[in-house]
Amino acid sequence: MAGPQPLALQLEQLLNPRPSEADPEADPEEATAARVIDRFDEGEDGEGDFLVVGSIRKLASASLLDTDKRYCGKTTSRKAWNEDHWEQTLPGSSDEEISDEEGSGDEDSEGLGLEEYDEDDLGAAEEQECGDHRESKKSRSHSAKTPGFSVQSISDFEKFTKGMDDLGSSEEEEDEESGMEEGDDAEDSQGESEEDRAGDRNSEDDGVVMTFSSVKVSEEVEKGRAVKNQIALWDQLLEGRIKLQKALLTTNQLPQPDVFPLFKDKGGPEFSSALKNSHKALKALLRSLVGLQEELLFQYPDTRYLVDGTKPNAGSEEISSEDDELVEEKKQQRRRVPAKRKLEMEDYPSFMAKRFADFTVYRNRTLQKWHDKTKLASGKLGKGFGAFERSILTQIDHILMDKERLLRRTQTKRSVYRVLGKPEPAAQPVPESLPGEPEILPQAPANAHLKDLDEEIFDDDDFYHQLLRELIERKTSSLDPNDQVAMGRQWLAIQKLRSKIHKKVDRKASKGRKLRFHVLSKLLSFMAPIDHTTMNDDARTELYRSLFGQLHPPDEGHGD
């Protein structure tokens, strides 16, 4: 069912003598009829932002014509209508449409003979219209001056129409209504502003969360890169240590002080020149290592005092990034590196001892700091591990107390090599075993390798093998267990390491008491294996003859 009809159309239908035709498809029930309600727009287009009108208020605005008499049409004259039209004309306003409808209604009423009113009635109507027009202008000016209030913001029409059923309402009621409208508008604007603030807070919280997460991710990535670089640096140092192991074994074989003059006398000038060149090379290497140590100590702020001679700052254990940048800038401006001293060979022991004593302060502080961090991360250990509850520095001091035992471990000969100028140890004779009697083997003394001490050597094979074992375990721990090739390589590396540590010596294979044989490899692409054995054809023939009791060739037997 359509909405309320304008006044002109109602008058036209009343004056039309023809009967109206009923639409059979029209819905007689008003409650179930479909309604199309236009947007209620009473203000000018140039004013503030529009407010969203809810469905309940739209229904309330549609029924205003039925409940309030002010929204119904009223009689007026053409002169008054023209004055009102020209004074209130604004582009795009809804008043033009209303005035056009009223004008069309007046023209229709004039054409239908509605000029039967008396002049007195028309004058009274004109005066009343002029008074209403002045009041409307005053109300518009008041609404324009009042900040934060506009006609378009009026949305609560039920409160606006309370107590206004009569046309002759007083100004006090109008003031109260305007106050109620302003209060409603303030509540609506306050509610919207709170929603906007909540949205802004949510957006700010999201921004903070995103920023925090990005910062956290970047920090974790930076830590991962630092750990990766540390592992790569440790691998390079370990590789250098592995290469130095061969040089260490060769150094242990050099002539010792008691026989060195004899080698020097018998070596002649060639031996003396080689000795002089090696002495210069070792001196240059020692200076390079000391220079590298000074460079590394100077680059790190916590160890710079060891090089430039300043006092250590024990309070500052960690330096922030900003302080580190300032230190780098100052270092670029002026780098105070101590003058390099050319030390003699006899000065290096005292210099290195003093450097180590100064470095001990920083070493102990760093060890204690990281020990505390790992202890907090791993939690408190059980009562059974009381030794680990002590400080890391206490444990180190306890181990270093027995220096003689530690020195004996470095002076113990663990590898098989011969020191030049020393006689070879006499081999113990192996007693022959008579037939029918059990074989007698020489009894080796218990822990014989620990009794082979030499004060002129330095042997740390136990520590070296421990480093190799840890390296192999770390390299192979990240392998896929399903990768058979990688597992095979790991097994070969472990077996090679074990063969270096413990050599398998078969004592029963001496003096020809055990047959030695070589297993030939399988055929590959119909190619016979290459014979790497040292036996010639005559030895093989003699071997096969001895197996079957034929010690002499067959032709010799027939000749006899």
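Each Cβ is built from the backbone N, Cα and C atoms, and glycine gets one as well.
Keep in mind that what you see is a predicted model, and the values were worked out from it rather than measured.
Taken straight from Swiss-Prot:
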type     : residues : note
MOD_RES  : ALA2     : N-acetylalanine
MOD_RES  : SER61    : phosphoserine
MOD_RES  : SER63    : phosphoserine
REGION   : 76-208   : region 'Disordered'
MOD_RES  : SER150   : phosphoserine
MOD_RES  : SER155   : phosphoserine
COMPBIAS : 156-165  : compositional bias 'Basic and acidic residues'
MOD_RES  : SER203   : phosphoserine
REGION   : 273-315  : region 'POLR2J binding'
MOD_RES  : SER273   : phosphoserine
REGION   : 309-333  : region 'Disordered'
REGION   : 316-372  : region 'RB1 binding'
MOD_RES  : SER316   : phosphoserine
MOD_RES  : SER320   : phosphoserine
MOD_RES  : SER321   : phosphoserine
REGION   : 373-472  : region 'RB1 and SP1 binding'
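Under the three-state DSSP scheme, SER273 (phosphoserine) falls in the helix class.
Along the region 'RB1 and SP1 binding' (373-472), the predicted structure has mean pLDDT 75. Around the Cβ of SER273 (phosphoserine), 11 further Cβ atoms fall within 10 Å across all displayed protein chains.
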